[in-house]
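A.B. asks: So TrEMBL lists the following for this protein:
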ACT_SITE  2  active site, nucleophile
DOMAIN    2-218  domain 'Glutamine amidotransferase type-2'
DOMAIN    286-426  domain 'SIS'
DOMAIN    458-595  domain 'SIS'
ACT_SITE  600  active site, for Fru-6P isomerization activity
Ligand code: F6R
């Protein structure tokens, strides 16, 4: 997804902007550009392609101590040099970089064209450059010009703006798309993601929706859209630049899969109480009485976050005996949901910036819902807007496909289910069983990681199939969905997940030697039913890779993982499927960390 960086200070801006853009590459993009301001005016360079192509296009004498940069993920207009940001007004005075979507861009464009403005690009962003330039003619400051221009804009944005006539400052604004200010020594940074700032400073300020900021080398001021000054407290990011290194692994994805013994341990750290067999979740900001007042749980997230929410719903129903279900945030917010006071809403987001999930949080809050966030990125929009929650502490996830955040989210749900259960009917003995199971997870994940070579060989064996079916029952079904999701997004092999119980109601027609099945078969009370399903697939000459706790003659190949408690097994069963997808993608020569058409955090609708 699009990325923004900006710099104002004593140094040359271009190398800092290029470095920042490189740090944002993992989010996905198709073109890149930057603009710097010096006493002679604005200079820009934009290219379709990689940040490395942009760096090659920037001449040595590209001087300026103020600048803005951008990686673009095309929405309005195809990827091209011209459509890349920054966009300038026709006099070349104002330059703008923008994340988000301007919904009334067509109308604004028509109005500006009627006034004689000639557009260069097909983008919605260019309207902003012209509008701000128009306002700048009358305004006393760039901040005033930006504020007035934005008053007529409908849509979402995170923007950074420079003015050739005011070479010492940058104005930024946020509405639905993240903007983070980084505070340095006599220098200021801006980015849409802390990843781009972390090399320079860990002191950051997040803008809220409807907020603007003016940055100079000496500091910053923040304002509301009606020009009232706001007071912001910087906070210290606890991730450092080292967290963003690939640690010697060939791909971030493999690094992040391999980190899971540690990341799961971090999610658990300090949260298990062995005396009362409960979970300490102070961040929920709820006392026992309020916790008991909820009758059901609704879980909301997108993509893999939603699938981890399905694992969460199952855990809550089993351990807390409360009705719980998960739903894609993108669907939830548009179907006019009935928001009830006795429902606990739990939203999930690794990035904490996914637009659909954030919008669902806002809709829930408008309707008086009690909303928690299970979030990885500290200080992100969803973390700020929810009433409380659980941080994953999994460290930054760089690869586009989510792995360690998925397992940590499932672990966080196990803690939440334990917490909800122990203030209701869950017995101390069952609480202890779950606590002990949770403690075993990091070591068991290490054991699963030792199966990598076997899984690599299986991935190579199955990778040439035109498609794969993934099946699982009840606890195994979200695992199958996540397995299919990982495979399709990084290897581009078509993968479809079905509840094993549903095969007979349609998809069995697809089974043939050409469509292998990955079956998630835990040793639980549904084992026999699952083995019967494998028999049905075999009878149709389907090949089967079984992932479970034992081998079976019903399957062609088996990956056997350590057994934990039934409720916690889905967490472990996910890991072989991550490795399977990773090695299938490598075998097929895919760009594992940056799969086509996908972005790390989806900050637009
Ligand atoms: C899949 C994947 C996506 C994200 C989804 C939500 O591997 O990464 O499906 O899970 O876009 O992202 P977050 O968790 O940042 O809200």
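Cβ coordinates come from backbone N, Cα and C, glycine included.
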A.B. asks: From the Cα of residue 600 (active site, for Fru-6P isomerization activity) across to the Cα of the residue listed as 'active site, nucleophile', what is the distance in angstrom?
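C.D. replies: So the Cα of residue 600 (active site, for Fru-6P isomerization activity) lies 10 Å away from that of the residue listed as 'active site, nucleophile'.
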A.B. asks: Quick one: DSSP breakdown of the domain 'SIS' (286-426) into helix, strand and coil?
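C.D. replies: Helix, strand and coil residues of the domain 'SIS' (286-426) number 64 helix, 28 strand, 49 coil.
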A.B. asks: Among all the protein chains here, how many other CB atoms are within 10 A of the CB of the residue listed as 'active site, for Fru-6P isomerization activity'?
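C.D. replies: Cβ-Cβ neighbours of the residue listed as 'active site, for Fru-6P isomerization activity' within 10 Å number 25.
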A.B. asks: Starting from the Cβ of residue 2 (active site, nucleophile), draw a 10 Å sphere and report how many other Cβ atoms land inside it.
C.D. replies: 27
A.B. asks: Could you break down the residues of the domain 'SIS' (458-595) into DSSP helix, strand and coil, giving a count for each?
C.D. replies: 63 helix, 26 strand, 49 coil
